[in-house]
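Asker: I'd like to ask you about the structure that follows.
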Amino acid sequence: MKKIQFFDTTLRDGEQTPGVNFDVKEKIQIALQLEKLGIDVIEAGFPISSPGDFECVRAIAKAIKHCSVTGLARCVEGDIDRAEEALKEAVSPQIHIFLATSDVHMEYKLKMSRAEVLASIKHHIHYARQKFDIVQFSPEDATRSDRAFLIEAVQTAIDAGATVINIPDTVGYTNPTEFGQLFQDLRREIKQFDDIIFASHCHDDLGMATANALAAIENGARRVEGTINGIGERAGNTALEEVAVALHIRKDFYQAETNIVLNQFKNSSDLISRLSGMPVPRNKAVIGGNAYAHESGIHQDGVLKNPDTYEIITPALVGVDKNSLPLGKLSGKHAFHTRMEEMGYTLSEQELKDTFKRFKQLADAKKEVTEEDLHALILGQSSESTDNFELKHLQVQYVSGGVQGAIVRIEERDGALIEDAATGSGSIEAIYNTINRLMKQDIELIDYRIQAITAGQDAQAEVHVVIKDNNETEFHGIGIDFDVLTASAKAYLQASGKSKSTTKQVDFEEVK
């Protein structure tokens, strides 16, 4: 039985999804949940890309105690040095170095010859090996690279000290047959194949990321890279929950085992979905809302008689609890804390105290507080107080001629209160125009989405917005409140605060 490592890049590649920007606190929360999930390696970010990303990688490296943390680096000594500095407090640090090997990348992006690429790989892998015990090399755009040159590049990296070789399908170009053959070719040509950990990193542009990852495992890969919910740029990455459950359900075929705690997938999926603002499609494999629903009468009858008739995955396997009891105003702090831990949240004593106080306020306003409400409670607490701004007062009024007016008061981090007013063709536009004046920003609203967290007249509203600033960078915000307008204001303020406080990244080539 072979052991498959799981490498999660939600915090790096997943964050390249347009509109997805996790702050430091959110990244640490996600990383701690990934640790509970049993992920072997967490790719925390790209340390050289910005001071903000460096601090995130350093904070995660310090917080994680039971799995490896890695950072991305180009074949540049400065990148490697920066990664070493960011990861120095990690219990088990690794580094992930990449350089493109396809002709189109070498000619048009790198402007390097094959000989120059090989020399760079040799030098920088050797340089990194002096600083890290585990060095992973990725030949970017491997599946569109000349096969003979790809093998030469991989051999060069191994000879220079690489301990992990990752094969990226950077643009989602390959298919399972071709990808499996690529690993067979590597096994045949690379004499140290069994001594090195080979990995796959697949994108879902043609809808084959999971199938390609499984084909790699079938043909010798011992590490799979991907993200929770498959988030990522363009069509996304390999969904790790799909690979893990496939290996578990079809252990007879793949003969593989992992460290993954399968019943933590639902918590992981919910957390990342809400923090990223990307809802999980109801028909999503493994963790979608319809994954365990049966509408056909024949199917329903069969499932009631014996679930094995139409269910190969039990809901409990991935942490879907259909019998979770709601909390209420009589629930105590211990029960609340236990439920928070079951849902994947790690709270400090002060955070627990503050959150429990808000829970009691919510329980007074609602008959029952469901798990969805509790997720919203945590996210609402985070979204109401951004890095520098907090919504203190909102007033909306009808002006004349169908025009709406809004008065907004915001508290800055230093305690100063700022207030302004503006008008708009509707209440939402008036509120957002006012916030733009207060923040002194010219930003564009790209997406606005509202949903009820639970059913019933006492449901809270959850608003997600995506904005774009003058640098064409997109930011996501979440707002939660019983009042739709207040939730809308909180969401927009959070996104605006992220835009205002985010340090712009160095203008690098897009990392795949």
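Backbone N, Cα and C atoms are what each Cβ position is placed from, and that goes for glycine too.
Below are the features I grabbed from Swiss-Prot:
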BINDING   Asp13, His201, His203, Asn237  Mn(2+) binding site
DOMAIN    4-266  domain 'Pyruvate carboxyltransferase'
REGION    390-512  region 'Regulatory domain'
Asker: Sorted by position, what residues of the same chain at least six away from His201 (Mn(2+) binding site) have a C-beta under 8 A from it?
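Answerer: Looking at Cβ-Cβ distances below 8 Å from His201 (Mn(2+) binding site), excluding near sequence neighbours, one finds Thr9, Ser138, Asn166, Ile167, Pro168, Asp169, Thr170, Glu225, Gly226, Asn237, Thr238.
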Asker: For the region 'Regulatory domain' (390-512), what are the DSSP-based totals of helix, strand and coil residues?
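Answerer: Each residue of the region 'Regulatory domain' (390-512) counted once, the result is 31 helix, 51 strand, 41 coil.
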Asker: If I take every residue in the domain 'Pyruvate carboxyltransferase' (4-266) and average their pLDDT values, what number comes out?
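Answerer: Averaged over the domain 'Pyruvate carboxyltransferase' (4-266), the predicted model reaches a pLDDT of 98.
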Asker: What three-state secondary structure does DSSP assign to Asn237 (Mn(2+) binding site)?
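Answerer: Assignment for Asn237 (Mn(2+) binding site) reads strand.
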